[in-house]
Amino acid sequence: MASKTPVGFIGLGNMGNPMAKNLVKHGYPVIAYDVFPEACKEFQDLGAQVTDSPADVAERADRIITMLPSSPNAIEVYTGANGILKKVKKGSLLIDSSTIDPAVSKELAKAVEKMGAVFMDAPVSGGVGAARAGNLTFMVGGVEQEFDAAKELLTCMGSNVVYCGEVGTGQAAKICNNMLLAISMIGTAEAMNLGIRLGLDPKLLAKILNMSSGRCWSSDTYNPVPGVMEGVPSANNYQGGFGATLMAKDLGLAQISATNTKTPVPLGSQAHQIYRMMCAKGYALKDFSAVFQFLREEETL
């Protein structure tokens, strides 16, 4: 274990924190950076090296994983005044697990390539629970010859690591998945709300849906109605999980991609509007399944 070479990790938020911990568990010395120094303290206690900038991480590690909130954050971390590219070593492998615009991933890949390094996009599905358990799904885009090198690290944090194609295809897979997830969650919330108002017991209705053709992940694994399932955000006042603001962001990325490719996504567009309204009405930090609560309160929709 001690012979494993260090891995840089930039972005120790809700997802990055447990992901980096799983690298430590697998014996990788981690060189960490986060824009909020307090996020790094826990990793110092675990024996990780903490640096002052993304450039410092690049100076000390030739394999780096980034997990950032949005496209502007990723651009800053890679190409900013103290960004990775200021001190990146030739031959370094840079894996971005943020969910960002596929076009931005492609631009970053070009900038990284000019420095003689390799960039891969590897966004994740599974949320905070899967990040803690180490069973995320990674959707990877980049040069196929580098996939095995990326997979070695990603399997420490995920149970599914899927090669999708050239840079940007990992992001494409992620935003398509999340658009469908948002649509199915809204549909589940609507169906459950209607059934409850028609006098059905919510647990019974969920049971019927889950043995019928309406069954989906939102109904059988992540039901949005409080009291129907244990261990999901709806059982905990919609705390934890995947925030509504992040879902709104991902739906916005889907809209940009749909516009760029002239793809009709009427339900994706409606879902985007619903999640944006949710965020404006005080649900931004609640789990995205709180759309059930939002729809019950918004009689005017």
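Quick reminder: no glycine exception, Cβ is built from N, Cα and C everywhere.
Where the annotation comes from TrEMBL, it is an automatic prediction and has not been curated.
The NAD(+) binding site annotation in TrEMBL covers 5-33, 68-69, ASN73, THR99, LYS249.
Summarised as a single figure, the pLDDT of the domain '6-phosphogluconate dehydrogenase NADP-binding' (7-165) averages 96. If you look up TrEMBL, you'll see 7-165 marked as domain '6-phosphogluconate dehydrogenase NADP-binding'.
The feature domain '3-hydroxyisobutyrate dehydrogenase-like NAD-binding' is assigned by TrEMBL to 168-294. Here the domain '3-hydroxyisobutyrate dehydrogenase-like NAD-binding' (168-294) is broken down by DSSP into helix, strand and coil counts: 88 helix, 2 strand, 37 coil.
The active site annotation in TrEMBL covers LYS174.
Counting only same-chain residues six or more apart in sequence, the Cβ atoms lying under 8 angstroms from the Cβ of THR5 (NAD(+) binding site) belong to TYR28, PRO29, ALA61, ASP62, ARG63.
In this view, the densest Cβ surroundings among the binding-site residues ILE10, VAL30 belong to ILE10, judged by other Cβ atoms lying within 10 Å.
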